[in-house]
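S.K.: Below are the structure tokens for one structure; questions will follow.
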Amino acid sequence: MMDMFNSTFKSIAPLISDEEREIYEIVTLVVISSAIGLFGLGANIINIIVFARQGLNNTVNIGFVGLAISDIVSLVTIEWYCISFNPLFINSDINFFPPDVQHLSGGHPHGCFARITAWVTAYITFERCLCITFPLKVKQILTPRRTLLILVAIYFFVMLPLLPEYATAYVGLKYFPFLNKTLYGLVFTSDRYKVENLSFLLYAILMFVSFVAVVIFTAVLVVNLNKKSQWRQKSTFDSTQSETISKRDRATVKTVIVIASVLIINFTPTVAFYTGVFIVPEFSITGVNRNLFLVSAAFCFIFDTVNSSVTIISYYTMSSKFRQTFHELFSLCLRKKELWKDDIVFKTNLRKSDAVSNTEIWKGDAVFKTKLWKVDAVSKTKLWKGYTVSKTELGKDDGISRKIILSQ
């Protein structure tokens with residue numbers, strides 16, 4: 001059986017050359033994953049704002065915020081991973097080789113937070129399962145404080161498998177023959193062989209366990225919801241109340257089905273990818289089927305990106321409370337924008353009226369000064385004329401007086 005798998009993969013591998021692999025990576029990573037990831041970053045930021053606005057005093061909102069945080073970090077690392085495979089960035093004048101550096105700064109951190117997303121989803125599904133199975137005791141069992149501690153524990157334990165990788169690999173100067181340059185790249189320590197692929201193995205186990213847990217908890221939740229919905233319809237005498245409860249239960253079932261379906265659909269290619277790695281020894285980063293391995297990993301990244309980006313669609317379509325808060329949030333933003341526009345218009349009008357007022361005052365002042373100058377000129381002319389007449393008359397009088405004195 002193993003020989004059959006090996007021969008099959010060896011026959012496929014030559015079909016994917018290095019040039020074809022680069023084309024696949026550009027299309028899947030640089031174009032598709034980058035675009036979806038940018039949408040997902042904005043969507044998860046909105047998710048956090050909406051749930052924070054609703055209040056973090058209940059376990060459900062705390063779980064959703066924990067999920068959004070892991071999705072954001074997962075998308076940030078995948079965006080960097082995609083940038084690292086952009087030919088324009090690789091061929092730019094930089095002192096490091098991006099596809100090498102991303103191994104520790106993009107690829108492994110993304111794998112870590114993708115597993116955290118899966119485990120947080122498993123916990124949320126488990127919590128909802130308890131809410132249906134033990135509705136009276138669940139609030140005593142899972143308090144907001146305990147939920148926060150559980151989420152912190154999930155983050156901590158899922159990050160632990162990164163330690164072997166970072167302990168035996170680092171970024172340092174190395175020579176790249178195909179570039180004929182010495183750049184910063186991925187360098188391994190001498191004891192790398194002792195822990196080689198250990199992180200990969202641990203993350204594969206974490207992924208399989210979380211995947212199975214989500215499927216099991218979701219199945220239990222759906223069965224319990226259907227049972228309780230039927231029991232309530234039989235035991236409730238008021239048909240209107242029974243219909244209301246039934247609709248509410250159906251909405252919850254649909255929400256769970258959507259969340260579970262998104263996770264299962266988007267994680268199935270990754271599960272198949274890891275299964276192929278374990279079944280076919282040459283299907284690895286250093287094996288004969290290296291190009292096929294890298295192309296398959298690039299396609300898996302698309303599904304990881306979708307899984308971390310579409311949660312806002314599930315919340316918006318399934319939760320009336322989320323929709324209400326979402327609309328309130330954006331209506332508030334629109335009101336602020338309108339107030340800002342009105343303020344600008346008011347200030348513009350005020351400046352215009354102030355300019356008109358200043359112009360009118362200046363004109364009035366100019367007219368007033370002109371009139372004052374004219375009056376002053378007339379007054380000075382009259383004074384000068386009066387002064388001249390007075391001097392003339394005084395001169396005449398003085399001449400007459402002198403004549404009289406001389407005659408005497």
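Keep in mind that glycine also has a Cβ here, set from the backbone N, Cα and C atoms.
Quick paste from TrEMBL:
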{"type": "TRANSMEM", "residues": "26-50", "note": "transmembrane segment"}
{"type": "DOMAIN", "residues": "43-315", "note": "domain 'G-protein coupled receptors family 1 profile'"}
{"type": "TRANSMEM", "residues": "62-83", "note": "transmembrane segment"}
{"type": "TRANSMEM", "residues": "147-164", "note": "transmembrane segment"}
{"type": "TRANSMEM", "residues": "200-225", "note": "transmembrane segment"}
{"type": "TRANSMEM", "residues": "256-280", "note": "transmembrane segment"}
{"type": "TRANSMEM", "residues": "292-316", "note": "transmembrane segment"}
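For each feature listed, report its degree of burial, its nearest neighbours and the pertinent distances within the displayed model.
M.R.: Remote same-chain residues near the transmembrane segment (26-50) are listed as 64-65, 68-69, 71-72, 75-76, 78-79, 81-83, 85-87, 295, 298-299, 301-302, 305-306, 308-312, 315, 322, 325-326, 329 (criterion: CB distance under 8 Å, separation of at least six residues from the stretch ends).
When pLDDT is averaged over the domain 'G-protein coupled receptors family 1 profile' (43-315), the result is 84.
Counting same-chain residues at least six beyond the ends of the transmembrane segment (147-164), those with a Cβ under 8 angstroms from any Cβ of the stretch are 59, 62-63, 66, 70, 108-109, 112, 115-116, 119-120, 123, 127, 195, 198-199, 202-203, 206.
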S.K.: Below 8 Å between Cβ atoms, which of the listed ranges 200-225, 256-280, 292-316 makes the most pairs with the transmembrane segment (62-83)?
M.R.: 292-316
